[in-house]
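Single-structure report; data block below.
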Amino acid sequence: EEEQEAGKQFKIKMVDSQYYLPNDIGISALDCSEAFRLLSPQEKMYAHYLSPFTFLKQQDFRYGGLAVLLQTSPESANIFVLLQRIFRKQTPAQLEQVATAAGLSSEEYQAFLVYAAGLYANMGNYKSFGDTKFIPNLPKDKLKALVWASQAFQEQPAEMEALWDSCSCLLYSLENRQKQLGLGDKGITTYFSGNCCLEDAELAQKFLDSKKLSAYNTRLFKKEDGGKTCYEVRLASAVQKDCAVDGECESCCGSFSFEDKEFTVKRGDYSPIMEKVCYYLEKAQAYAANENQRKMLEEYTRSFTLGSIEAHKEGSRYWIKDKGPIVESYIGFIESYRDPFGSRGEFEGFVAVVNKAMSERFAKLVSSAEVLLPELPWPQEFEKDTFLKPDFTSLDVLTFAGSGIPAGINIPNYDDIRQTEGFKNVSLGNVLAVAYATQKEKLTFLEEGDKDLFIKWKGPSFEVQVGLHELLGHGSGKLFVQDDKGKFNFDQSKVINPETGEPVSSWYRGSETWDSKFSTIASSYEECRAECVGLYLCLNKQVLSIFGHEGQDADDVVYINWLSMVRAGLLGLEFYTPDSKSWRQAHMQARFVILRVLLEAGEGLVGLEEVTGEDGKPDARITLDRSKIPTVGKNAIHRFLCKLQVFKSTADVEGGRAVYDNYSTVSDTGAHNFLRLRETVLLRKEARKMFVQANTRISGDSVELVEYEGSAAGLIRSFTERFQDDAEQLESSLLELSKQDCYSSSGELE
């Protein structure tokens with residue numbers, strides 16, 4: 001009985017630790033000093049102003065990124081303002097003495113700093129990678145004592161107490177629904193009001209399709225009016241007028257009846273934030289290097305002023321045409337990973353400087369793309385008619401505004417543009433340099449003999465995987481479409497579905513898109529397809545040679561790339577929630593699916609066994625037979641990748657969902673008890689690193705780079721120094737927007 005009780009306690013503690021950030025979490029500064037030094041004065045000025053999403057006045061604050069607070073949780077904006085007010089008055093070093101006097105131990109104060117750094121790095125109190133909530137790892141009364149003892153509280157006790165009261169309950173709450181992001185009773189989301197469920201999301205998508213409106217920059221609020229259900233669709237825009245403006249023949253706004261429900265489309269979501277974004281976009285136009293950049297900024301301004309995705313598409317077209325700029329940037333409502341329905345984009349923006357030496361390799365990969373594409377396992381008819389050679393550059397991130405920083409990006413996400421006009425790929429070199437550095441003692445689930453090789457080749461192999469994933473993964477494959485006029489982009493009489501041997505019998509119609517059609521699985525499914533392309537093509541000697549790997553080194557890169565993928569599949573279990581049977585991270589779900597496919601291939605390719613660790617606690621061991629990768633492994637990925645592409649090309653949601661959901665299932669039956677393995681993964685998990693970004697400031701006629709140390713205090717200082725001049729006005733706007741959201745989410749009619 002005692003043992004049972006001890007086991008129970010251990011399990012509770014283990015699960016709870018998911019919701020804290022550990023005091024020793026890795027925090028690294030993103031180094032961009034060398035790349036920034038090489039810029040001309042005009043390029044530096046452009047980088048400074050261009051980040052409308054990034055810089056406020058001369059203090060470089062990522063304005064648009066603030067919208068992410070409102071897109072994450074009802075309390076995120078208020079917590080952000082609380083922290084900003086505390087740290088604007090006292091630096092982390094100054095506050096430490098206050099904390100000691102208030103009765104906090106040094107560990108508790110460090111836990112507070114780590115929490116604050118986590119909130120800034122994720123732009124909210126849910127992890128950007130995994131979507132679980134994190135709370136401060138110190139008692140609530142200790143945190144309250146620190147807030148009360150702070151200078152900010154001494155100067156404005158009534159305001160600070162009201163701010164604490166507005167968010168302290170949710171700041172610590174771990175009720176089931178609040179543990180993760182999700183729709184309805186599965187979690188928290190602010191893309192929808194709290195009373196919305198999956199049926200509401202599906203109905204809203206049909207309505208938006210009928211109006212040819214994209215969901216990317218919208219949120220949905222459901223209200224009851226005298227027993228009648230009304231939906232309000234809000235477009236993110238600076239302008240709050242709903243009438244036709246700026247060359248529109250008719251406004252997309254107004255009230256509409258759809259399937260016996262009332263829909264109202266309104267402008268003005270995040271209005272004060274979008275206004276600032278537009279102000280700095282206009283300022284940046286003076287420093288544009290060419291006409292494409294100027295027009296791109298003009299269209300982005302129009303998009304954020306009016307809430308027009310069409311204008312953002314137009315801006316993206318100019319962005320694609322702007323080949324090989326030294327300062328690269330993109331901005332908008334981009335990635336739909338965190339919308340539980342998979343259609344609404346999180347605000348994101350980056351300014352980065354091109355790393356010329358690294359970019360040469362990617363340029364060679366682009367040149368080889370037309371030779372490599374036919375190597376992929378689907379028939380020629382399932383590939384785009386022409387490969388539109390994109391820019392592919394390695395960038396050092398100067399500023400990334402959003403909830404997290406990826407390692408590589410393929411944008412724009414508009415399939416109609418990607419299919420016929422092109423796209424760009426970027427690999428974020430200074431992120432790769434620090435994100436995947438691993439200490440041997442922290443390398444879990446591998447055999448001792450694999451660890452040194454893994455540490456040596458993890459970085460180089462991931463660079464190859466990112467290159468293939470972005471360029472030939474997201475950049476490949478054709479969607480079969482019948483447009484509004486009934487015209488097809490493929491020959492119905494000739495194209496055969498290789499999975500059935502019959503003519504293709506389904507396709508996308510009119511305004512249907514990949515995201516709108518495949519909705520809840522679209523993001524993860526597409527990441528899985530791109531990851532499979534990386535695994536498949538990294539076996540190609542020409543690819544390895546482009547990245548400078550020959551002979552034994554090339555073989556080691558392939559081995560570690562595949563080993564890294566199967567290990568990531570096991571690590572992915574951290575991002576699965578058994579209670580709701582749902583995945584919280586698109587890439588990790590994709591990697592788990594690939595692990596399942598490779599385990600299913602059999603013949604001793606992948607081994608996964610549960611063992612007892614040296615510490616006497618549950619452990620697991622992953623093995624990969626490197627001699628079978630080019631045969632058993634390649635064949636398994638060949639078959640699976642072809643399936644994924646065929647379902648995607650033919651808009652076969654039913655077929656695609658059945659296969660993908662099957663491999664995504666986490667159960668305790670079958671050859672492997674994945675539910676038990678999940679507990680082992682949670683027990684031995686390492687927290688994801690956080691990044692400290694530099695700021696820029698204008699000094700006389702020049703722009704200077706301001707760098708910070710890679711620590712919680714450094715990350716906090718980088719945020720508090722990003723804006724100072726009108727911090728109070730900004731904070732008051734955020735609090736007002738947050739208050740409006742809470743009112744709208746109650747489901748009452750305003």
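Cβ coordinates come from backbone N, Cα and C, glycine included.
Bear in mind that the values here come from a model prediction, so they are computed numbers and not experimental data.
According to TrEMBL, the active site annotation covers Glu470. Summarising the annotation, TrEMBL assigns Zn(2+) binding site to His469, His474, Glu527.
Sequence features, as recorded in TrEMBL, placed on the structure.
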{"residue": "His469", "record": "Zn(2+) binding site", "CB count, 10 Å": "28"}
{"residue": "Glu470", "record": "active site", "CB count, 10 Å": "28"}
{"residue": "His474", "record": "Zn(2+) binding site", "CB count, 10 Å": "21"}
{"residue": "Glu527", "record": "Zn(2+) binding site", "CB count, 10 Å": "22"}
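Of the chain residues outside the Zn(2+) site list His469, His474, Glu527, Gly408, Asn410, Glu470, Gly473, Glu526, Arg529, Ala530, Glu531, Val533, Gly534 have their Cβ within 8 Å of the site's Cβ mean position.
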